[in-house]
Amino acid sequence: MAAAAATAPAAAVVRRMKLGSQGMEVSAQGLGCMGMSAVYGERKPEADMVALVRHAVAAGVTFLDTSDVYGPHTNEVLVGKAGAAAAATEEEVQVQVATKFGITPAWEVRGDPAYVRAACEGSLRRLGVGCIDLYYQHRIDSTVPVEITMGELKKLVEEGKIKYIGLSEASASTIRRAHVVHPITAVQIEWSLWSRDVEEDIVPTCRELGIGIVAYSPLGRGFFSSGAKLVDELPDDDFRKSLPRFQPENLEKNAAIFEKVNAMAARKGCTSSQLALAWVHHQGSDVCPIPGTTKIHNFDQNVGALSVKLTPDEMSELESYASADVVQGDRYHGTFLNTWKNSETPPLSSWRSGN
């Protein structure tokens, strides 16, 4: 029996949470905005996306996630407009915008000080703000000591251009080195039922250091919403069509994971996406998932995940469906940008002034 028609209570309350230990407070679920402008097919109509963001903020989801490489640049412009419109409508609501730097429009990774500063200035301009709430290094430049990149970010904090610093796809050792220069507020990682390798070192390191965890792609890039049939519905220019897990030889085997999750969702009276998202929420009060969508209906369904309760036995059962030996295919293809597995940087002693 399919669970598509069943939903958890639509009026789920979106609680607030402390993200990290530096004072940042956000909604316990965020909104990933990438797909509104880039990567997942063609750019969506601006008016529709502004309406979606306003709907999200009115519902209590006030933590918006973007990056300068989405578009490139157009997603930041959209989020800036939409966030401002939402804030104007919901006068007592504080909208937090997180953006990122480090991936150039040519899909190269850079973390040198001059680039960091120029990227920040560009994001401030496109977002239409005087200060960025949370500024992530999107990917780690393996040619620049992370201390050098962090040093420039620290200056930007001191100048009032950013409030909090984050890292994305960073290893535990890189996180530790960066945190010495300036406290890291949040680390963004891919964390979902079928992407759990971060649990060994990265998650414990974040918790040891008081760093919040932002889980991107918590629905497996849409896989846990509709399973293998998702790929048949994607346009040719959708990024997911190139990913190993979505290739026919892997997708056929991964389809069984979705079917088991979907069956459990039917038993619990929720959708498969709500169940998978609830699993991420149950990882701890320091974890903020940021599912993305371009449809208000899907957004409402995602918020409903906050009302889904899971027992320890149910958590274990879900995890058994998507254990490491069951999931077929890597997260990215081998030629893609740096992930946390290749985010180590040279020692600080190797850097010379003027590099």
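For all residues, glycine too, the Cβ spot is worked out from N, Cα and C.
The active site, proton donor annotation in Swiss-Prot covers Tyr70. Around the Cβ of Tyr70 (active site, proton donor), 25 further Cβ atoms fall within 10 Å across all displayed protein chains. Taken residue by residue with DSSP, Tyr70 (active site, proton donor) is part of neither helix nor strand, so it is coil.
A coil conformation is recorded for His138 (substrate binding site) in the three-state DSSP classification, outside any helix or strand. Neighbour count (other Cβ atoms within 10 Å of the Cβ, all protein chains): 24 for His138 (substrate binding site). Marked as substrate binding site by Swiss-Prot on the basis of similarity to another entry: His138.
Residues annotated as NADP(+) binding site in Swiss-Prot: Ser217, Pro218, Leu219, Gly220, Arg221, Gly222, Phe223, Phe224, Ser225, Ser226, Gly227. According to DSSP, Phe223 (NADP(+) binding site) is assigned to a helical segment.
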Tell me, how many other CB atoms lie within 10 A of the CB of Gly227 (NADP(+) binding site), whichever protein chain they belong to?
20
Neighbour count, 10 Å Cβ-Cβ cut-off, for Leu219 (NADP(+) binding site): what number do you get?
26
